[in-house]
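Down below is the structure, laid out as structure tokens.
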């Protein structure tokens, strides 16, 4: 195997929980990407206007952000985390099953808000639990986790595509030109920016002819094994109420004796006795309590803030680029034909997923700090070249693929790096997840307004500015890392080039 035996043994010991968290993040990806392609058919189903239906995007994204902030409430113990993940993944399956029954846009927005809350809890808890299990070895497993969200995000549009309407799905005599505009309208739909399509006139009354319900029911069935997997983990850990009379660790006594040195046994007993919430991984509101600030240096806050700002910018770039690249390509000066321009968002997400797959082995050989540096510099250079060759359609495709690769591993690498700096005692995961969610929502709104006022060229200028800010904030993070109090000798990072020293058992604790 391309990783050392220590990490391999740790992975084997935590195989079931690790695979479970990865599968739950697949649910997250499945749910995050279906709304864009299916929104026109959902408009027909609810018989609403384009501006009304696009606010469903906002409902989902706002509640995803809220769920990310509140997700820490369920992370105080392992049982709370697993029950929250079980409820969230089951809720996503139920949402897929219920969406075809929503014939009112307000009801649909409420259902999507529930999905957003579930996705936010999954985002925070899954990242946090993997960090808790693997700590200094978490980078590689976080890269794999985010590959699964990319895989789910690629799969759901493919499932939906055969069931999308080729012509206007509300039959009316007044829509002679509407059907010919439908593919263009579908690819122009942008989350959180309903005014983007207000000039299109589609009917709101008539006979609804859409088969998109089948796509949602298929996705509900595909997602159903995920809550079942979480339930089996609960059952194995004796956390299901009717089986809670006894408990046992995932390692047998003999295995534990072989894997644990005498010094580690004392550390293990201390870990077992200490409440799970004592490690500092609380929800966003608990992190802001004054008792957590006592004795903390200014660099403690600076690391949290600068790390969140880097992800605010990079995740914001992901949101605004995927949302507006099609609209930018079909406008002057490129004037790419609609069908060709439609491949750009798919190319972008495809290379994000490919980049996350490549980053799994790379993250074992390369430090998270180095990976983030390569990512932010690559994003900045790519936008610079896109501006220089702004009249080249070929380079637009090359730049889109390059941007997807550089952005792909930024979040998991930054999370691993920031948690490493804080020695797993801060609130980095919750703060970074929240910062990334805010950035994705805010920058998309901002760029949409700027493009509307200044024209399509401002799309690349905004990306260049955001990339420059991400690099600047990362430079500040490196500075504050140097100023941050150094960990003790036994907390030094294990690297592939040095003999690894076991500082914990790697056992899956409650």
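Heads up, the Cβ atoms here are built off N, Cα and C, so glycines get one too.
What TrEMBL records for 495-510 is compositional bias 'Basic and acidic residues'.
If you look up TrEMBL, you'll see 489-510 marked as region 'Disordered'.
As annotated by TrEMBL, transmembrane segment applies to 21-40 (among others).
What TrEMBL lists as transmembrane segment is 52-74 (among others).
Through the fold, the transmembrane segment (81-99) approaches residues 20-21, 24, 27, 30-31, 42, 71, 74-75, 108, 111-112, 114-115, 117-119, 121-122, 125-126, 128-129, 213, 216-217, 219-220, 223-224, 226-227, 230-231, 233-234, 237, 239 of its own chain, all at least 6 residues removed from its boundaries and within a Cβ separation under 8 Å. The transmembrane segment annotation in TrEMBL covers 81-99 (among others).
Taken from TrEMBL, the feature transmembrane segment applies to 105-126 (among others).
Listed as Cβ neighbours of the transmembrane segment (138-159) (distance under 8 Å, sequence separation of 6 or more from its ends, same chain) are residues 3, 7, 11, 18, 21-23, 25-34, 36-37, 126-127, 130-131, 215, 218-219, 222, 346, 349-350, 352-353, 356-357, 359-364, 368, 408-409, 411-413, 415-416, 419. Sequence annotations record features per position, and here TrEMBL assigns transmembrane segment to 138-159 (among others).
Remote same-chain partners of the transmembrane segment (214-235), defined as residues 6 or more beyond its termini with a Cβ less than 8 Å from a stretch Cβ, comprise 16-17, 19-20, 23-24, 26-27, 30-31, 34, 38, 79, 82-83, 85-86, 89-90, 92-94, 96-97, 99-100, 155-156, 159-160, 162-164, 243. The transmembrane segment feature in TrEMBL is assigned to 214-235 (among others).
Annotated transmembrane segment per TrEMBL: 300-328 (among others), in sequence order.
Within the chain carrying the transmembrane segment (340-358), a Cβ under 8 angstroms from the stretch's Cβ atoms is held by residues 33, 143, 146-147, 150-151, 153-154, 157, 183, 187, 318, 321-322, 325-326, 329-330, 396-397, 400-409, 412, all 6 or more beyond its ends. The transmembrane segment annotation in TrEMBL covers 340-358 (among others).
Annotated transmembrane segment per TrEMBL: 370-389 (among others), in sequence order. Sequence-distant contacts of the transmembrane segment (370-389) (same chain, six or more residues past either end, CB-CB distance under 8 Å): 310, 314, 317, 359, 362-363, 395-396, 399, 402-403, 405-407, 409-410, 413-414, 417, 460-461, 463-464, 467-468, 470-471, 474.
With a cut-off of 8 Å between Cβ atoms, the residues of this chain six or more beyond the transmembrane segment (395-417) that come close are 127, 131, 138-139, 142-143, 145-146, 150, 307, 310-311, 314-315, 317-318, 321, 325, 329, 334, 336, 343-344, 347-356, 358-359, 362-363, 367-369, 371-372, 374-376, 378-379, 382-383, 385-386, 389, 428-429, 432, 436. Per TrEMBL, transmembrane segment is recorded for 395-417 (among others).
Annotated transmembrane segment per TrEMBL: 429-451 (among others), in sequence order.
Look at TrEMBL and you will find 457-480 (among others) tagged as transmembrane segment.
Counted over residue pairs 6 or more apart, the CB atoms of the transmembrane segment (52-74) and the transmembrane segment (457-480) come under 8 Å in fewer than three pairs, which marks the two as apart. Across the candidate stretches 21-40, 300-328, 429-451, 457-480, the maximum count of CB pairs under 8 A to the transmembrane segment (105-126) is reached by 21-40.
Of the Cβ pairs linking the transmembrane segment (300-328) with the transmembrane segment (21-40) and spaced 6 or more residues apart, fewer than 3 are under 8 Å, so the two regions do not touch.
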